[in-house]
Amino acid sequence: MKYVLSLDQGTTSSRAIVFDEKGNVVSKVNKEFRQIYPRPGWVEHDPVEIWESQIEVAKKAIEEAGIKPEDIAAIGITNQRETTIVWDKNTGKPVYNAIVWQCRRTAPICDELKEKGYSEFIRERTGLVIDAYFSGTKIKWILDNVEGVREKAEKGEVLFGTVDTWLIWNLTGGRVHVTDYSNASRTMIFNIHKLDWDDEILELLNIPRAMLPQVMPSSHVYGYTAKDIFGVEIPIAGDAGDQQAALFGQACFQPGMLKNTYGTGCFLLMNTGEKAFESKSGLLTTIAWGINGKVYYALEGSIFITGAAVQWLRDGLKIISNAAETEELATKVPDNGGVFFVPAFVGLGAPYWDMYARGLIIGITRGTTREHIVRAVLESIAYQTRDVVEVMEKDSDIKVETLRVDGGAVVNNFLMQFQADILGVPVERPVVNETTALGAAYLAGLAVGYWKDQEEIASLWQLDRRFEPSMNSEERERLYSKWKEAVSRSLGWEKR
């Protein structure tokens, strides 16, 4: 029997998961690595540590599954997106640490681009807003600030890659320098309509084309692992950014299908098919994946603070000792007691885009209890999700019929039920919650014929529980309009 190995390289840990042909988890190994903060607002990783931790867990996962490397039909890769690595082509050594997606050091470069009026130019071509989050300005920073790198880049002696590219390059012993459409679409230098690096943006940021990887479909045999790694050559056949991989793992193959990943923040992606919709509400237009000679697009909305607000209840207010308690506490009261919580700890993302908004708790009376505060925090996750779903429907003109969910918080039945109630559509929780790794496995398996087609994959998707909306529409709209009112009071607070 054959299996698929998924390498899930995340922001805080490297993971490897072995899946069988039914999409079930056979083994799973995780290893955390260092977060490096050289200055306030700067975040780095050591690329060598990323590679070493990833290969260590890969070998362990095969061992723990009780199988041999030759039993692996293909390897799929999924990764933290936007994080930028530049390395020497000849020695394979990084010229600088990986600059992580969270790193804000290039904000001044972004401000300058915006001041010069390039926002629309960048958005039309890349589907993105100008922000330090994306790879483009990070590459420029390395070229401008690390001695000797620019000269080498002009000669094609250094290479750029997002994390997937770095892993594939190392897995193939330096033979293959590629990325996929989904990861390329997060760099801010890739034209998502022409499906190529954008020469005018490269000129604007002064990035030599010679250092960039070849862009390929997300399901494709890119190359084979070097023999000295696993003792056999295994095809590397799937590659997608983490959020896009989760959309694929949730089998959201039809336009209008939508998933929400509940983590520290939330990421909503809606499949929009072969059409790239331009957002009027500050959502990102991104590539979902490239497969079978076609490219599929998605709208993406990110919510900064969701699970992080629950962590704040635990570590900041110390009114809970773990996240699991929140469900029981929230259900001890019949409603939120008029309390609303806006988790604008770092401003608000889509659709408000207000960096000066700050958190608030409003509606407090003498009768307010710990339970009401906890419930208000959980409810805020659902309200923020509705904020994004509403603008997605408006931008795409597609009505959402169901929401598929994954991530840590989906075990909270109260939250899932309230999410269905406040959206007015069913929420579907799958049996396999490892949707990101599963998506990468599916992409790899499809490329080597391990799975036949997307129909087969859609049939493997198993429902754990479906939450039907049970709230009447008057109550739903009453709560939601109160939420909107609470948000309006948090906006611009830092500047007032």
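FYI, residue positions are counted from 1 along the chain as it appears here.
Using the three backbone atoms N, Cα and C, a Cβ is placed for every residue, glycine included.
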Task: Of D228, D239, D242, residue recorded by Swiss-Prot at the sn-glycerol 3-phosphate site of T11, R81, E82, Y133 - done: D242
Task: When distances run from the Cα of T264 (ATP binding site) to each of the binding-site residues R15, Y133, Q243, the nearest one - done: Q243
Open item on the list: What whole-number Å value do you get for the CA-CA distance of T11 (ATP binding site) and R81 (sn-glycerol 3-phosphate binding site)?
Closed with: 9
- [ ] For the recorded glycerol site, whose residues are R81, E82, Y133, D242, Q243, find every other residue on that chain with a C-beta no more than 8 angstroms from the centre of their C-beta atoms, and list them by sequence position.
- [x] Q80, T83, W101, R186, G241
- [ ] Compute the C-alpha separation of G408 (ATP binding site) from R15 (ADP binding site), stating it in Å without decimals.
- [x] 16
Open item on the list: Which one is it: of the binding-site residues R15, R81, which Cβ has the fewest other Cβ atoms within 10 Å in this structure?
Closed with: R15
